[in-house]
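Residues or ranges marked as region 'Disordered' in TrEMBL: 1-32. Per TrEMBL, compositional bias 'Basic and acidic residues' is recorded for 16-27. Taken from TrEMBL, the feature transmembrane segment applies to 42-62, 68-95, 121-145, 165-182, 194-212, 232-252, 264-289, 309-335, 356-380, 386-408, 420-442, 448-466.
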Amino acid sequence: MAKVGDVDNRPVQQGFRRESDEGKAVETDEASDGGIKMKKELGLMDGVAIIVGVIVGAGIFVSPKGVLLYSGSIGVAIIVWILSGVLSMVGALCYAELGTMIPKSGGDYAYIGEAFGPLPAFLYLWVALLILVPAGNAITAITFAQYLLQPLWPTCEPPYESVRLLAAVITCLLTAINCRNVKWVARVTETFTGMKVLALLVITGAGAWHLMSGNTELLEAPFANSKIQPGFIAVAFYNGLFSYSGWNYLNFVTEELKDPYRNLPRAICISMPVVTIIYVVTNIAYFAVLPPDEMLSSQAVAVTFAEKMLSFMAWTMPLFVACSTFGSLNGAIFASSRLFFVGARNGHLPAALSLININCLTPIPSLLFLCALTLSLLFIRDVFAIINYVSYVEILFIFISVAGLLRLRQKAPDAHRPIKVSLVVPVVFLLTAGFLVIFSVFESPMEVGIGTLVILLGIPVYYVTIGKPWRWLTHKSQVFNRFCSKLFLCMPNSEKLD
């Protein structure tokens with residue numbers, strides 16, 4: 001019996017040709033599956049822009065206070081920001097080995113599947129599908145809308161309906177861009193990454209000018225009121241690492257990266273130190289201007305900073321925050337849609353999501369599916385609360401992915417590894433991530449319990465839809481696959497799976 005994700009691979013017209021956007025003829029695979037492949041259009045700087053663009057979102061502008069709240073002092077907070085960047089770099093190096101050993105799109109999903117089998121991989125896909133990806137995108141879209149509209153309502157919050165409508169419009173616009181052309185996506189990412197870096201340079205420049213003017217009193221006792229209890233340190237690191245989340249997104253699109261064996265590790269090694277430096281110097285600028293109490297009470301730290309330092313130009317900061325979230329949402333849509341695309345190609349989601357448009361060579365059904373999920377969450381008034389219940393799950397699955405590196409060292413010792421990190425690297429990461437996961441159980445038992453329940457609910461779903469699928473469900477999946485093929489002018493992907 002066919003599985004829910006099985007693709008209807010009946011032969012199509014052989015030798016089918018089309019003209020690409022650049023005017024060059026592109027042939028479909030003349031194998032029996034009649035499939036096509038997405039083009040490798042992302043270079044090194046595109047990869048750097050994706051990583052930096054996704055990581056540097058609204059967080060550094062809006063709420064870097066989480067680290068300060070649990071560290072208690074400026075000095076400990078700066079140390080946490082630095083070590084969080086170092087730890088993210090360590091994790092990224094582990095992903096560089098995994099990504100060059102397994103040059104498939106899908107990131108964690110692909111690596112967990114190779115190391116531990118289909119069920120754990122499906123559970124990651126299940127959590128990402130249900131909560132992580134659409135909720136993260138919805139929150140980013142809402143944040144964009146709030147800050148873009150804020151100058152129009154300077155004395156109050158923008159209307160709820162206006163915020164949600166603009167968030168929906170921008171989600172649809174970026175989805176359309178992603179459907180049309182991968183190069184357009186790269187250009188948008190690079191442009192808005194440049195704008196957000198410019199905004200952070202403005203902040204750091206203003207902070208440096210403030211310090212050079214002799215205003216150093218806020219930094220004279222950096223370790224006063226430090227909280228050194230393990231629980232507080234763990235939660236401070238948890239907040240810091242959450243601000244660096246997104247460093248693994250380039251691994252989601254490995255198959256569209258030119259020369260991934262060289263460009264994937266290079267992009268990681270360039271982008272992670274850049275992000276760490278940006279985060280550290282930006283926080284020093286904040287601490288130099290804003291007292292800890294004022295920083296903790298602020299709803300948007302960058303806006304409060306701008307009101308103090310930029311005078312009549314303070315209105316530009318909400319626009320910079322909006323541009324930052326716009327670029328982050330664009331990169332997240334591009335990368336996360338490939339996760340669902342690869343999941344469908346492996347038979348873990350309806351096969352229609354693995355179809356590629358014959359003209360644009362983009363996974364249009366997967367992009368539209370992600371857009372629909374994101375739009376549905378925009379109608380939930382308290383959508384920000386959703387991510388709190390499963391945020392620890394993201395760290396848990398990153399822990400499992402890096403553990404998969406050690407598992408693959410044992411399972412496939414002779415596999416080709418263009419990059420092979422020292423065993424110390426994954427061990428250090430696993431010990432630290434394990435410490436954070438364990439302490440999160442004590443600090444946030446309800447969130448951990450609900451997140452675990454969401455994971456466990458994926459087990460019966462797996463056996464009903466994948467393990468022993470119902471016949472009628474298989475039939476409906478095939479009908480839907482053919483419908484999407486005709487509606488969106490798509491064909492199956494021809495990538496050969498091991």
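Note that Cβ sites are derived from N, Cα and C of the backbone, with glycine treated the same way.
Map these features onto the structure and tell me what's around them.
Non-local neighbours of the transmembrane segment (68-95) in the same chain are 107, 111, 218-219, 222-228, 232-233, 235-237, 239-241, 243-244, 247-248, 251, 265, 268, 272-273, 275-276, 279-280, 283-284, 287, 292, 295-296, 398, 401-402, 405, 419, 421, 425-426, 428-429, 432-433; each lies 6+ residues outside the stretch with a CB under 8 Å from one of its CB atoms.
Using a Cβ-Cβ cut-off under 8 Å and counting only residues 6 or more beyond its ends in the same chain, the transmembrane segment (232-252) has close neighbours at 47, 50-51, 54-55, 57, 59-60, 64, 66-67, 69-72, 76-77, 80-81, 83-85, 87-88, 91-92, 95, 98-99, 105-108, 264, 267-268, 271-272, 275, 279, 328, 331-332, 335-336, 338-339, 391, 394-395, 398, 401, 432, 435-436, 439-440, 443.
Cβ atoms under 8 Å from those of the transmembrane segment (309-335) belong to residues 49-50, 53-54, 56-58, 61-62, 107, 133, 136-137, 140-141, 143-144, 147-148, 150-151, 170-171, 174-175, 177-178, 182, 185, 188-189, 191-193, 195-196, 198-199, 202, 206-207, 210, 246, 249-250, 252-253, 289, 300, 302-303, 367, 370-371 of the same chain, restricted to positions at least 6 beyond its ends.
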Looking only at the recorded stretches 42-62, 121-145, 194-212, 264-289, 420-442, which one has the largest tally of CB-CB distances under 8 Å to the transmembrane segment (165-182)?
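Against the transmembrane segment (165-182), the leading stretch is 121-145.
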Top stretch among 42-62, 194-212, 264-289, 420-442 for CB pairs under 8 A with the transmembrane segment (121-145)?
42-62
Most CB pairs under 8 Å with the transmembrane segment (264-289): which of 42-62, 194-212, 420-442?
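Going through each listed stretch, the top one turns out to be 42-62.
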